[in-house]
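Notes follow once the structure below has been shown.
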Amino acid sequence: MQIVFFSTLLWGALVLCKGAEQTGDFKVRLVNGTDSCSGRVEVFHDNKWGTVCDDGWDMNDARVVCREVDCGSAKSAPGDAHFGPGMWKVWMSDIQCSGHESSLKDCSEPSFGIAECPHSQDAGVVCSGVFKVRLVNGTDSCSGRVEVFHDNEWGTVCSVDWDMNDTTVVCRQLGCGSAKEAKEDAYFGQGTGEIWNIQCSGSEGSIEECSQNRTVGNGCYHSEDAGVVCSGGTEGEGECEGKNQLECLDNLLDNSSSLTPKKLLNVTLRAVDLLSQWKEEVREKQIGVALKIPEKLALVLVKPTQTQSSSNLSTEKIEVQTFAIGPEANLTETRQLKSRDNLLKIDLLAIAKNNNGSGAVVFIAYTNMEKVLKAEFFHAEKDTIKTMMSNVISASLPNTKNTTLPEPVNFTLRHLTVVPEGQLTCVYWNQSRWIVDGCELTETNSSHTVCTCNHLSTFALIMQTGRAPEDDIILKWISMIALSVGLLFLALAILTFILCHWNPKVSNTARLNLSICLFLAHLLFLLVQSFLSHIQKHKLVCAVISGVLHFLFLSSFVWMFLEALQLFLLVRNLREVRVIRQEGIHWGFLLLIGYGIPCLVVGVSAGVVPNGYGSKECWLETDKGFRWSFLGPVCFVLAVNVILFITIIGYLRFALAGRNKEISQLKDTRMMVVKILFQFIILGCPWIFGFFVNNSKVLEYLFLLTTSQQGTFIFLVHCVFRKEVQEQYRQWWKNICGSKDASESSHSFTTFTPSQTATK
């Protein structure tokens, strides 16, 4: 048995450790290649770099790696340590990617650290690299010398073997319509930088998918630079359609000298609109491009100055604020920048001192970007509900060589909604997710939060709140069935109390009203739970319902107290055996107390805390201690009833001392005490479970079953188990069956034995 226990414990610990390990940071890099987009594949896991085994390694896996490291498309997937053997651990093996995943860790069933694979089988990839295209020196943005951007450098394309197939791909990638001409021999002038040999079939979506080779040593010169003429003409920015729209717009801004200020703004707004209204999954590369486009617009807005200058651009989708200072600026401090009611405080003077006296800052606020850069992209340790609490904003230092911040900057972010109870976190966008490195929350109030960061990037404010528990279908059905059964028996009990002929010495006032209150409360509760989604839309209706429920449940407890009080008054007079007369409180006073006290409590509660009624469940709000407007009176009634029953038992012991316990009056009184004591336990004690129901599923089921069957208990104990009621049930049944016996009926209604004289 011990072996089984410890084996289970060890297995559980291993599962927990593995789960914790999987949640760690995961990165991919390429090592020992000819450039940054080729090499041995290495992954960062469990705070260590390791390699990938080439078992099952193919082009689909290579495509995912190239996408993850932002290196374009995959060209080959070499194995057998083509780029040299790695070191440390072989982290992954038998990877099975479809080619569409955004990361290796998303491929089917990746195994971490358990592969028996030597480093001689380390996997590698060769990617095309990121190739951006622009047209230079043309008559418009859709004609000119072809230039490509690769390895952080702009270069040209050799016109040897340059044809219409290649031109078609360039025009398609730029969104400039169809290809009209393929120009050779530096038709649009000679360029600079590296010269590339690119050969396309014409069906590719971009030159990343074509065959590319550097022409170093192959005898191609800038006098042979290739050019194109596309059909897009001066309306090129209107031709950016299809899957490469963002890249097209980005390329247009790279050649911004051919665009008017109006077209520059239109291009930027187009990019922001594309991303903010994207209806499918947005890839990391697309997000990166879209965030850079507004910054490129800001570069155009920032003009060189010797003193100081500022500019502002505001539309429905974006607001850009710029501020620049020069060597002759006469400032003692930098003013705050404001965009969409968000503020940026930065020491631009200190930054300018490290840049020959000049500096500029751009502050951008987006209107709907939080719908794309969603809060779900923030990975927290706990499973919480994440909500965007601010606009997405970004800040940068254009035309600044030394971007080191002398001191942290402060962002004051305006809240989009009322701050709920939860954890606020300042985050910034890092390629594919929100992270918190270098940012912290320093101040917050109901409308704004101040984030202090030691770098500039794209920022936002995220709120984390506890995740609502999932609906328990089993509990829901048990609740529906149990409450329906309880309501049925409560209805039968009420009809019995009203229609049956009772001993004149028996008062059923408290018992009848207790049943009525429970019936109405349970019925209303059942209806509310069945139509909760519709009722929640009407806050006033929800508040009224919660107030009525509060009143009915409190009335039930008060009537239970009154029943115990009347029993106490009866037992107190059992000093001697005598013919009993009806004891207790007049029914008028009972009604006044039974409904007056709950009404007073509800009225005071609503007056002191007007917003206390109408929670999401159409019940009492739990904050600010308002729950005690119900729990307080309930605890008081339960405590008083306990005292009453202890006193009643004491009186019974005194009354029975030295007397014949078979005397009818004492015997029936004792039986009545037992019944009402059990009634107190069944009706009162289950509510104690309600104090702890949130911490135990077992108590939740127990609470539901006991409270829903209170009507069943009342019907069985006070109706079915009473002899005179049984007789009347039999008579009703005979009447229904058509065999009425008048004499028997008369006898059952007029003859009462001493056992039928129990009073309350």
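One is the number of the first residue shown, and numbering goes on along the chain from there.
Each Cβ is built from the backbone N, Cα and C atoms, and glycine gets one as well.
Unlike curated entries, TrEMBL annotations are predicted automatically.
Here CYS107 is paired by TrEMBL through a disulfide bond, and of CYS97, CYS117 its partner is CYS97. The disulfide bond recorded by TrEMBL for CYS117 reaches one of CYS53, CYS66, CYS171, CYS176; that cysteine is CYS53. Regional average pLDDT for the domain 'GAIN-B' (321-469) in the model is 85. Shown for the domain 'GAIN-B' (321-469): DSSP residue counts in helix, strand and coil, namely 12 helix, 68 strand, 69 coil.
Counting every protein chain shown, the Cβ of CYS53 (disulfide bond) has 23 other Cβ atoms within 10 Å.
With the fewest other Cβ atoms inside 10 Å of its Cβ, the least crowded of the disulfide-bonded residues CYS66, CYS97, CYS107, CYS200 in this structure is CYS107.
Note on the disulfide-bonded residues CYS117, CYS127, CYS210: the fewest other CB atoms within 10 A surround the CB of CYS117. Same-chain residues lying 6 or more positions outside the transmembrane segment (512-532) and placing a CB less than 8 Å from one of its CB atoms are 476, 479-480, 483-484, 486-487, 490-491, 493-494, 497-498, 545, 548-549, 552-553, 555-556, 559-560, 563, 590-591, 594, 617-618, 683, 708, 710-711, 714.
Residues 508, 511-512, 515-516, 518-519, 522-523, 525-526, 529-530, 701, 704-705, 708-712, 714-716, 718-719, 724-725, 728 of the same chain, all 6+ positions outside the transmembrane segment (477-500), place their C-beta atoms under 8 angstroms from a C-beta of that stretch.
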